[in-house]
Every structure is written in C-alpha cells, then in structure tokens.
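Below is one structure; the comments refer to it alone.
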Protein chains: 2
Amino acid sequence: MTVHPAHTRVLEGPLGVPRTRVQLTNGETFDRYCTQGPGSEPEVGLPRLREKWIAARGDTETYAGRETQLLDNGKGAVRRGEAAGEWRGHAVQPLRAVSGRTVTQMHYARRGIVTAEMEYVAARESCDVELVRSELAAGRAIIPVNVNHPEVEPMIIGRRFLVKVNANIGNSAVTSSIAEEVDKLTWAVTWGADTVMDLSTGDDIHTTREWIVRNSPVPIGTVPIYQALEKVDGQADRLTWEIFRDTVIEQCEQGVDYMTIHAGVLLRYVPMTADRITGIVSRGGSIMAGWCLAHHEENFLYTHFDELCEIFARYDVAFSLGDGLRPGCTADANDEAQFSELRTLAELTSRAWEHDVQVMVEGPGHVPLDLVEENVVLQQEWCHGAPFYTLGPLTTDIAPGYDHITSAIGAATIAMHGTAMLCYVTPKEHLGLPNRDDVKTGVITYKLSAHAADVAKGHPGARDWDDALSRARFEFRWRDQFALSLDPHTAEAFHDETLPAEGAKTAHFCSMCGPKFCSMKISQDVRDRFGSGLDPEVGMKEKSARFMELGGTVYVEG
Amino acid sequence: MTVHPAHTRVLEGPLGVPRTRVQLTNGETFDRYCTQGPGSEPEVGLPRLREKWIAARGDTETYAGRETQLLDNGKGAVRRGEAAGEWRGHAVQPLRAVSGRTVTQMHYARRGIVTAEMEYVAARESCDVELVRSELAAGRAIIPVNVNHPEVEPMIIGRRFLVKVNANIGNSAVTSSIAEEVDKLTWAVTWGADTVMDLSTGDDIHTTREWIVRNSPVPIGTVPIYQALEKVDGQADRLTWEIFRDTVIEQCEQGVDYMTIHAGVLLRYVPMTADRITGIVSRGGSIMAGWCLAHHEENFLYTHFDELCEIFARYDVAFSLGDGLRPGCTADANDEAQFSELRTLAELTSRAWEHDVQVMVEGPGHVPLDLVEENVVLQQEWCHGAPFYTLGPLTTDIAPGYDHITSAIGAATIAMHGTAMLCYVTPKEHLGLPNRDDVKTGVITYKLSAHAADVAKGHPGARDWDDALSRARFEFRWRDQFALSLDPHTAEAFHDETLPAEGAKTAHFCSMCGPKFCSMKISQDVRDRFGSGLDPEVGMKEKSARFMELGGTVYVEG
C-alpha cells in the first residue's frame, strides 16, 4: 500500500534499496526516501531480507534460546494472551555471536569491513559508503540491526545523515490490543517513521512485541525496564539485576534493535530533583530512582553496565542511553540533575564503545527555545559525537492538546544544531495514549520538522523536495502539489473544501484570490513575457510597450 | 462568553483593563492577558471605550466624511449588499485631526504626553508606562488606534512587549458572507488574536469591513490595494493614485487601525524576481509589480508616500509596510529582491517618522530555519528598531495542510530574535480560505509560538503561566491543567478519550502509565518523603531506612 495513487515503491540496485517514486503530471518523477517496507500479512511477517547477509559473515550461531515463561506476558496473559497461537510465519531459533565474537556494525566498521547493511544505507542516503563506515567507526552514527531482526531494512542515525523520526506505540494497563499495535506500527511507517519504539506496559507484552518485530521493516526500540517491572508486579524495589538481565536477553532474542537503558540515574543525582517543579517525569528514570532510594544502592544498570555491553555485542543491540532525569517542564530545563546525568551518559558511551557496541544518547523533553541549542552542543561535546536522540523538546507547557506543535518548534531547532533522531510527540502527550490519527499527526509533524532541519543544515539534496513542490505550486500543477506533499489526502481534501470541482484541480488560480486575480498567475505572466535575467537598467521601456501590445493586462479575467 | 467555566473576564484599575482570571481548584487564581473584549451584538457593535479620551485631547473634529459610493462594495453589492440596512448601533460622523494637528500616539509620546491609551497598555502589559511612552517615541513600538475605532482596547506591538498574534479573515470572490466574517472575528479574539486583518476581496467589501470594525475589540488591519483593485474591476494597470487615495480615506473614516502599503516594490526590483522559483507571491506585491511594468513608472505608493503619511497622521493609522517581494518558497529566501525592498522599507520608515506616523514592517514568508534570524537582525538594524511583523515564516514547503506547523517553527524562532507580531498561518494556507476551525487552530498555534518566544526571551512573568500549568500537572489537578491550557476543551476531550470517567479527572495517575505505576506519582512520593534540598552526601542511608519503614514502595498499587 502506498499513500497515494501517484506513488510507487521501487527497488533500486543490487540490494533492492526502496524509494518512493512520485509520478508527476508533467512527465517527470521525484524519488523520496521510503520507510514503509514491502508490506506484510500480520500472521506471516515480513521477508527475512538480511538473513543471508548475516549468515555469510559466519560469525553467528543458532541456539535454543531462553524458554518463554508465563510471566513474560504479564499476569493478564493467562486470561487473554491467545494471539501467539495464530502465528503462521517462520519459527526460527534465535541467533547470537559465536563465543568470543562481536557482531556489531561498529565492530565491522572499525575493522574496515564494509557490510551489506552499510552498502544498503549508503544507497538509501545517496552518499558514499565510506562516509557510512567512518561515521560508524567513530561512533558518530549507528545502524540499529539486531541479528534476530532480519526483516529490517537497514537505516542509519547520525548527524551527517538525514534526520530521523521515531514513533512510540505500545499498549498500557488501561487500553488497546495486539492487533491495534501492529496496525499502529504499519500506519507509522506508512507515513514515514524511521524507527518505532514499543513501549507496551500492559498484558501480552511479550507476544505483542513478537508480532511487532516480525512485521517491522524499521528498527524496533524498547525500554526493557517496563517489562521487568511487570514481572515484579509493578513493585520497583523488587527489581533485581537478574530479572532485568533475563528480560534483556528475552528481547535480544526477539530481535529488538535498540534498548533504552536508564543507567545514568545515579543515587547521588536523585536529590537534585527535589526542588524541581515536576521532579522526575521519565518513567524509567523514576523506576530507577525509586529502586536506588529504596535500597540505598547504586543503580544496578550502572554497576552491571559492562555485562550489558557484552550481551548487546552478541546480538548487535544498540544502546539508547535514557535521560531518566530529563526536565518535565520548561522551568526544570538544563539544570544540575539533567546535566549531571548527561556527564554519566558520556562516560557510559565511552564504555560501550570499548565493547564496540553502538550507542545513541537520549535528550529532553521540555526546554525553552533559547536553551535548546545548549543541549545538543554539550551532548555532542561530552559524548564525543555519539548520535543525540531527543523527545521534542517542548518549548512551552501551556498547550496540552497541541504538544506536537510546541515540540515541533524545539525538535526542528535541536535537529538543525545536530540532533540525529527525533522522538515524535503526538497531540495526546500528557493527556492519553495516541490513537491511529494521533500517530499519523505525530509522524507527519515530525517528518516536516526533521526535513526543515535537513534543509537548514544544507543537507545535500534536501531542498530538492521543497523546490519540486514549489515549482508545482507556481505552475498550478495542483495534482503534483498534492502528490508531493507529506500528506496528499489532507492537502487535497482542504483544497476541495473550497473548490471541489474537478476542473479546479487544473485551474490556474486558487480560492485565496479567486479566478479574477491571482498573484502566482501575475508573476508567471511577468516572467513569461519578460523572460528572466533582465538587466534592470536597460530595455524596460521597450519591454513595457511590448507588454501593453501583448494584451496590456497582467491578470486573467474571471 | 469565555472559553471555559473556570475563566472570568475581570476589569482592573481606573481604566478597566481586562484580564482573564482562571479559578483553580486549590483556591488560587491565575490571571492572563485577555483579548476577547466585552462581547457585542453584531448589529449594535461594541461600547465606544476611547471616545471620551479622544475628545478630551481636543485635537479632533467631526466632519461629513466621504460619501459612500456604490463601487465601494464592488459590483456584487447591487445584488446582495443588503446587510448594512440592519445596523442598529451608533451612526456617527467620522473624526479627523483638526487642520495642522497630528493625533498619533507617536506624536504624543515624542512630546512627553502620556495618553490614556499608553496607561491602558502599560497596565495590560504589567510594565511601567514610561517604557511604553519611550518605546513609542523611539518608533520601536506602536499602538494602532485609529480615532475612528473607539471600540478598540488599546494594545502595543514592540519587541520589549509580549509577542502579539494577528489573524487574517476576509471573504474572497469565491466564498463566504458578512455574518461569517464577523463570527470569525469574534472567534479569533476569543482564542487570543491580538489584531485581525480583514483581507476581503469579494463583494460587500465596504459593509463587511464596517461590521468588523464596529465589533472588534482589537485593532483592525487591511490591505487597501485589494479594495482599490475591485474598484477597477481587477485590472491592475487601471489603478491610479487618486483611486487608491480615495480608498484609503474611505477606510480611515471607517476606523481601520493599520494598513499594509506595498510602497517598497520599486520598478527596478521587479526583474530581480524573474529567476525565482515562485516569483512574486504577495498579492499586493504582484499588483504593484504589474502596475509598474504596465506603465513603466515608479510605484505610485512610493512616489505619493508623503501624502499617505499626511493622511495617516490625521487619523492615527499605522503603516504596515508590506513586503511585496517576500519569498514564496524556501529557495527564494533572503535574496536580492527581498533585501532590496527591505532597504526601501527602512527608508520609508524614516520618512513616516518625520510625520510622527507609527510604522511596523512586514516580513516573510518562506525561510529555511538557518536563515530566519538574519531576517529580523537586518530588519531591526536597517529600520532602526521599528516593529517587525512576519508571516510565519514557513521553514519547509513540503507540508501543505500542515503549514500552521511548518510556520510555527519559524514564527517562534523569529519572535525569539525580536519580531514583535506574528501573522498566523492556518492549516488551509496555499489550499483554501480558513473556516472557523482553521481560525481557531491558527490562533492557538500562533499563541503557543508567541508564548514560546516570550519564555525564550525571558520576558518578565512569561514563564509563570508554564509553571502554573506544570504545577497543576505534577499535582494531578487535572481540571486546573485543562483550565490553564490554551484550549481547555481539546485538552479535556483528549483526556476523556482514554479515561472518560469523572473520577479520572481527580485521579493520581493518567492513561500513559495506568494506575499501577506513574512517574509523576513516584516522583511526588520521593519529594514528600525526603523533602527538598537534601545534601546528597549525608543522611541518605537513614532516609532510605525510613522510606522502607514508611511502606517501602514508591508507587500506588492498582
């Protein structure tokens, strides 16, 4: 399924790299980055694109894997966790690196090996593969590709590449079903999500994730502490490193590509949040803060960080180092708690890199617009250029219901200054869980923010899309303007509200000025009759005379 | 009418300056700037607040005024221009300065006179009246208040004051009625529009404007060349200074507070647009460009500029110097045509100031985010700090249907750097005329952008609103969170979609995490039990013991 009849998904080159090709009415085509994947039947899953690439490297082995436990799906699974029974796709054993080997893209890159994943990404980004390899090797970019997620179409996250967008989905204790979540995944990638995070906290959490991974053409991220908390019935103080470790392995074997790990919430930072207006708002951050305080011990994610690295290295899972102390309102932005944690995330970044494990670092949250740039500047400096991945940030707290917009302002700004991936915020932020419409609005809002940043950064070729659409607009190619827009349906529907007639889609005017006078039209007439590149000093008088001769008016009469 | 039951319009001080008072459930109140006016019956109009202030200055006279002509309402008036007959409000003669006098707020300010309008504005902005007077005198701020619009509640536009938002309404040849436009006006000010521009181009243009002005508590702006063009049947080359001048006087007598004048579109700049992707997109700009080319003469608005100043000085109409050559796509931003015109607008600013006429300068449009700041920096430098009034700018061209968002990004950024007023962009931009819902979405999107800029500028007191809402959020005062938000209805409706039960509005959790675990709750518990201002080095062990003693868990069980 494509979003518009003028769009086709085409596969290019030996690796079959996908693009969305837009057919224009003037015979030209315009190719765009494509995230939506080949499409799948939910019960069968996607083709296993990377399987042969992984096998060819000869550094992985299949193994029996961890046995699925009743608790993996939460208490509710006993009552309603029947979805797994319908699965008709591959039943495969999990993969991991053979003992002593590291299978991360960073590991290969540092050894000068160019993988198929790197080639694929370079073709997708229209850049040299050496840029991909060298940025990966330096830790300034990541390709999140778990060996157990062969269905993924590889993509890259780094400031030298197109700014990416993540969409959060997931059920909660209060609402939604597995089928709904798979549908939201498909819907999110249809509109352009580059990665999807499954933040489920409700029942059937293991099975929901299995279906999401098997149907996802984009990397899947999770926050494993959410599932671990379910396993201890929501009692943070009962969490242990062993339960967490087991949950991480469970998710590694399923194929999760990156995991948010709140290892920077140190015991000594927690009191720094006491004077804040909104304290600790990160769910993972407050779980770990609660655990640290209850036990008066250091965060077990911090103390066991090297063990985590060893696990991640065997599956190529990337760290998304969580900012558990991110500000929850503009008043709390850029404070001691936030920046102390960032220093620790920088330390952890270096430790992960010692294991050749890929890392990105998460950022806020709620930040006044004048303080946005400082966040990415400090993160880039302290974390040696590791990709920054921010939630917005929201630039004001006064507009619940419109926080996709309050945050789009911060998101475009922080991405212009070097953030590599933006986590979307939907209109439901702070108010409820996003439904299908909210997912679409969130993704499109963030795609336009990411693109505005690409244009502002002067990313090679980024503005071509704007120019193609603006040319269509200037030439009154209405159908092309719709087809080239991020959301063709909404653009066309808005146009049709005022001028529904079929003829109006090819008319040389629009509803703003009406048929009698149109500024686009007058300006096109001026260009047509005078040509371009006029010397302003000469020939104007003659041109003027010729202009009057040719009809004398610069408008179309109604 | 107020937007929410917890809101009351209160009048403060001897001048009765309005505020929106929000009653909170914890007994506190929060006061906000109020734009909505006292409300009116459309056929009667608003009370004439300023009438006695103007009379007391003794420098104006009533006179017969220009006789209304059939052509003033366009050709269509003959057919359906009957609305004027229903008017039941005041029938008054127009006012103007007595011969030889100037009645502009700038004129008074420069002479050290503090007017009631200045006092009113100072109370509204919670600032010293001397700041108001001195900024007016320097030309860095304007109070747009035509002596023939006594209904207006004075407001100020300048970078030292709250960032303001303008909403465009108006019919076109294609659509809409007088009643609809008055309704849009009322709707726009209800949601926070600080000024409204009537951009009507269709039939009944004179009568529509009359009804709008009589019912508007905010300054009304127009683009008189639109009406002038209607008078010559849409044929730009038939325009003359005399027709334009007559139209301007017609509108001065009606009470229009500021007028967009495209006097900077000089003949020699027109060819500079020939190589652009979208040429000239400003309607007024293309009209004047067309006229200049057709006649090979200099723009009559430029050659007659001093006469315009003399007229404006007698009514206190402010210039909004139009940027007729503004870019229509990101590719055309910050080019020679745009900045050449800006140089001319700077020259005209100084000329208007010689007449003590108030001026603001219009700006773009479509600008990549990295080029936004340059626009306001150059404008402020070249135009000696005259208020900048920008349309967005849109930061990418690829999202028709979402251009309120593409432009909110540019708007917040340009306002942070010093733009004084933002002209809203609605979701219908480029596609059709805004309906009632679009007006609301546009106003709220721009209010949040303007507020984000106020916060980023560190405007005194601006963040108080964010903090009040964030406190309500942290304390689970859901009703207060709704009441304090820019759009309480949408916030509440979104909340209710997931948790409709009445009890959920006071519940200490939300649908994101559910009742079993909530990060806001955990963090509040941490604060409650540990207090604030902990010394991180001491006492933690004891606190931890006490914490376990007190229940040992940091969550609320479901």
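Each residue's number is its place along the chain shown, starting with 1.
Yeah, the Cβs are placed from backbone N, Cα and C, and that goes for glycine too.
Its Cβ placed at the centre, A:Asn168 (substrate binding site) has 24 other Cβ atoms within 10 Å. As annotated by TrEMBL, substrate binding site applies to A:Asn168, A:Met197, A:Tyr226, A:His262, A:Ser282, A:Arg283, A:Gly284, A:Asp323, A:Gly324, A:Leu325, A:Arg326, A:Glu362, A:Tyr389.
TrEMBL lists A:His366, A:His430 with the feature Zn(2+) binding site. Sequence-distant neighbours of A:His430 (Zn(2+) binding site) (same chain, six or more apart, CB under 8 Å from its CB) are A:Pro400, A:Asp403, listed in sequence order.
According to TrEMBL, the feature [4Fe-4S] cluster binding site maps to A:Cys510, A:Cys513, A:Cys518.
Only A:Arg326, from the binding-site residues A:Asn168, A:Ser282, A:Gly284, A:Gly324, A:Arg326, place their Cα within 10 Å of the Cα belonging to A:His366 (Zn(2+) binding site).
Under DSSP, A:Tyr389 (substrate binding site) is assigned to a strand (E or B) in the three-state scheme.
A:His366 (Zn(2+) binding site) falls within a strand segment according to DSSP.
In this set, none of the binding-site residues among A:Asn168, A:Tyr226, A:Tyr389 has a C-beta falling under 8 Å from a C-beta of chain B. Looking only at the binding-site residues A:Gly284, A:Gly324, the densest Cβ neighbourhood within 10 Å occurs at A:Gly324. The highest number of surrounding Cβ atoms within 10 Å, among the binding-site residues A:Tyr226, A:Tyr389, is found at A:Tyr389.
Listed in sequence order, A:Val281, A:Ser282, A:Gly285, A:Gln338, A:Glu362, A:Gly363, A:Pro364, A:Gly365, A:His366, A:Leu391 are the same-chain residues at least 6 apart in sequence whose CB falls under 8 Å from the CB of A:Arg326 (substrate binding site). According to its DSSP assignment, A:Gly324 (substrate binding site) is coil. Of the residues the record lists as binding substrate, namely A:Asn168, A:Met197, A:Tyr226, A:His262, A:Ser282, A:Arg283, A:Gly284, A:Asp323, A:Gly324, A:Leu325, A:Arg326, A:Glu362, A:Tyr389, the two whose Cα atoms sit farthest apart are 20 Å from each other. Using a 10 Å radius centred on the Cβ of A:His366 (Zn(2+) binding site) and all shown protein chains, the other Cβ atoms total 28. Annotation note: A:Ser282 (substrate binding site) sits in a coil segment as assigned by DSSP.
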